[in-house]
Structure formats: C-alpha cells, structure tokens
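Pulled from TrEMBL, these are the features on record:
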type	residues	note
DOMAIN	2-185	domain 'Glutamine amidotransferase type-2'
ACT_SITE	2	active site, for GATase activity
BINDING	98	L-glutamine binding site
BINDING	231, 266, 340, 341	ATP binding site
SITE	342	site 'Important for beta-aspartyl-AMP intermediate formation'
C-alpha cells in the first residue's frame, strides 16, 4: 500500500511550495517506504510514497502515458491490469506496474473508465494538456483518501488526513465509489451496483456459485512479486481465505516464500483466536507465526495507533491495536502483503446482533448500510493498521464481483434460523462444507462469530476499560457534552480516545470525519431498535449481544452508557 498526495491549483508561488509538499508527503512514508516520487507541473504537484509489490524494479511513481502529458499517482492494486493492457494494445507501456493502465485508459476513454478497474485504489490524475484533473476511490473504500480545500483555492488529495489537515481550511473523507472532476465540478458516483438502492433481491441461493466467486476473488489477489501471507484469526472468514489461498498457491503467479503458505495470528496468551488459528494452520499445513502481546503493550501503543488510524471510534481502536502490533512483526519478517478476511460480516449479516433481525427486509437493508459504511470502520482499520508498518492488506470478500453475487441472493437465506439449524453466515459456511474435499474442520467452519477485538483475548477490552477509568474522572465524563459537543463520548473509554485524537487532529473538520451514533455489537443506529434491551447496553463488543454470544456480558453488569463507567 502506497501513500499519495496531490495539490492542484496553487495560487501563490507554486515553485516555493515544493519543500512543503515534500515535508507533507514524508508524513505518509510509513505507507510506502521503498521510494519517493514527485511531479511538478505549473501550479500542480503529485507526490507518491511507494510500497513496491508488483514490478518492484521499474514501477516507481508517478506514472505517465507515452508523451508524459498524463500523470497519475496511485495507491492500490489493479487486479485486471493484464486484460486491460490487451485492450490498450496500441499504447506503449513503460513499466510492469499494474497501475500504469490508469494513465492509458484515461487517454483512450476519458473520465468514464473507472468502472473498468477491478481492484482497490485511490488515485489522482493530472492532464497537463489543459491542467484538468480527476481523483477517484475504489467501490467500497478499501484504500483511504481524503479531499481538502486551501484558502488560495487549491484542491488537495491525500491517503491520510495527517498530510493535509494542517494546510487545508476544510477537508473530508473522499466518498467510496466516487470520482472528482475539475472539468465537471464536484463529486459524482461511478459505482452503482443493484444492491446500493437497498431493494430486496430474489435470486436463489446456489452454494457452488458463491464458492466459485469467492475462490476467484482470492486467486486474483495472489498477484504479487514479493513475499506474502494470510492474517489468520481462526474464525470462519480468515480461515476460508487461508484455505482457498493454500489450495491455489502452487498454480498462482504469486512470488512464494518457500513452498508453504505463511499465516499470522496475534493475541493475549491463551486467547480464543490463538488456539483456533493454530488448529486451522495445522489442518492446512501452513507455516504459522503466532505473536503475543500484553494488555500493557497494547495500552502503551494507543497514542501511536490513533495517530495512524485517524479515528476515535471505540471498536476500531480496540481492534486496530493488536493488528498494528502484529503488522510490525510481519514486516520484520520481510513480508509486504497479506490477505485478510474483512467484509464478510457486513455482506452476510455475521455480527451477532443480526440474530434479532425482525425480517429479511430489515436484515438486507442493514447489510447494505454496513457495506456502505465499511470505509469508516473495518476498511480504515485494516488498511491503516497494516500500512503503518509498510504492509498491504488485501480483502477478497470485498471483491466487486463477489459482492454482487452475495448481495443478489434472497436474504431469507441469510436469516439466522435456529429452528432450521442456520447460524450466522450459514450460507457461506454451507457453501464450503465439502464432505469429499473439506476446506476446514467442521467445528471451525461452524465456529461462532468473534469480533477481532474480542478474539485476541477478552481481558484486552476489559483492560482498556480499566485503564480509561483511571485516566478519566466522573466529572470529566459528566461535562463531556460541553467539551465535545459533536459526537459526545458517553463512556470513559470513548472519552479517553477522544482526548488522544484531538491532540493530533484538533480541527473541527478532523473530528467530523469520524462517525457517531448508538451501536451495539457493531450495529448501525437503526438496528439498535431491534431489541429494546440493547439501548441500555450500547457497547461495540460482540459480548454486548446479550442472549446470543456464548460469553455475553452479565446483563446486571452491562457497561454504563450515559454515566460514569464502572469496573467490572
């Protein structure tokens, strides 16, 4: 994963801005420590910090068309770049980079080419012939992108907020599935799948179709010229990613690090994830790397985590911290790319609160809302936690084609029906329940959902709450609405994270990039209405799904919401 920064339309002394652009781009170098590039044309700058994964030798950015009139800086991977190159056979390519096709596609098709890209990406493209530019972000928002505006009329784009927050009067998260055009003015949506309108689909459930679509999504993400591995928590999603990757590794184009697939897991000693991950790794025959951390090590890293992930959302910080620590260990082993299991719970209704969905219509609409918000939560976490150490996370469940297949299925099949033996994500589990050629052991295939922040060890969250209780007084929380009138924290843990965030990002525009509202076990605010008891137990942990999670919180000791939190 790379870091990009673009500043376009500088009014005053563009030449004198170069040192500042270099300084700001350097703030993104953790994302791309392998090389730095900078293109300057008149009053525009495009900067790039590269993480070299495909064509490490010659794929440095920015990238160009044949006569260098089209310049592009890209963060991401274009999985169908070879097919696109074949369609562009009249064009001359300078590198083997998968991202070079973007410059040539624009030259051939103009601004309407973005939906041809199959991958994860954020890019800014400058047409020096008329000084026009476009910027675009992938369909779901797997890669981060921010847009900002300077007082001099300049428009800014950056992979992370920290590269533009000091210099822009206003900035915001660039919407996924959108393109910004200087010619047409403003943002417009380029990604318009059938599910986006939230109408209820009716296609039948075909297990083999779903299975093949996911296998295809995993295989295309094995496009790499450097060592890679799989993040394996031992839950259903990451275990399926590892299982499919291990089956197809030998026939893929992936640069192999020995003959075995490498898998990685982190947790507190004795945590649920560590035990399950080792069992899956043994079953699949992977080269497994198990990392441990302590609650204190996690607490010590919190400020650095919040600086990198740029949010004060409680569940995101809880889950990002172990992922951040694990990514450092992974990079120390020489690995630059990992596959991860994000997105499945949103697509299939895998969070435990979906047990209370009243009907298939509300179930489906909630999955749509969850997918639309992924760029603010799990995509942000997976990308920024790993990119903090120069590691790229690829997420096959968020493949455009796979999402279309999964979201076209009649949601009645996704409903959790104990009377029919269907637990959460039953249609996914059933699709990979192959008696003749098993993908996973049965009890792993049907293991109950654990959110990552829970699975690394239940004492992790309990330790965070205890630490926050020591840092935040009752009086501080009582006055929270005056100190933080926007997205007011309602627990001491949330208040503590907010104080750290505000230290790094004090502008109102920064705090507005973080979503708010009530949530239970990672639900949207709308789904909280499904169970009246949940409004008294608004905690993002899966254990807040009272009566569902096997290790749920005691209802008499549920976390406080509107008052001072108590030690449990």
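Note: Cβ is positioned from N, Cα and C throughout, glycine not excepted.
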Rounded to the nearest angstrom, how far is the Cα of residue 266 (ATP binding site) from the Cα of residue 342 (site 'Important for beta-aspartyl-AMP intermediate formation')?
16
Going by C-beta under 8 A and a gap of 6 or more residues, the same-chain neighbours of residue 2 (active site, for GATase activity) are 31, 32, 48, 49, 50, 51, 61, 74, 75, 76, 159
Roughly how wide, in whole Å, is the group 231, 266, 340, 341 that binds ATP, by largest Cα to Cα distance?
15
Can you check which residues sit near residue 231 (ATP binding site), meaning Cβ under 8 Å from its Cβ, same chain, 6 or more apart in sequence, and list them in order?
238, 263, 264, 265, 323, 326, 338, 339, 340, 341, 393
Could you state the CA-to-CA distance between residue 266 (ATP binding site) and the residue listed as 'L-glutamine binding site' to the nearest Å?
32
Neighbouring C-beta atoms (10 Å sphere around the C-beta of residue 266 (ATP binding site)):
28
In sequence order, which same-chain residues at least six apart have a C-beta under 8 angstroms from residue 98 (L-glutamine binding site)?
54, 55, 77, 78, 79, 81, 119, 223
Across the domain 'Glutamine amidotransferase type-2' (2-185), what does the mean pLDDT come to, as a whole number?
96
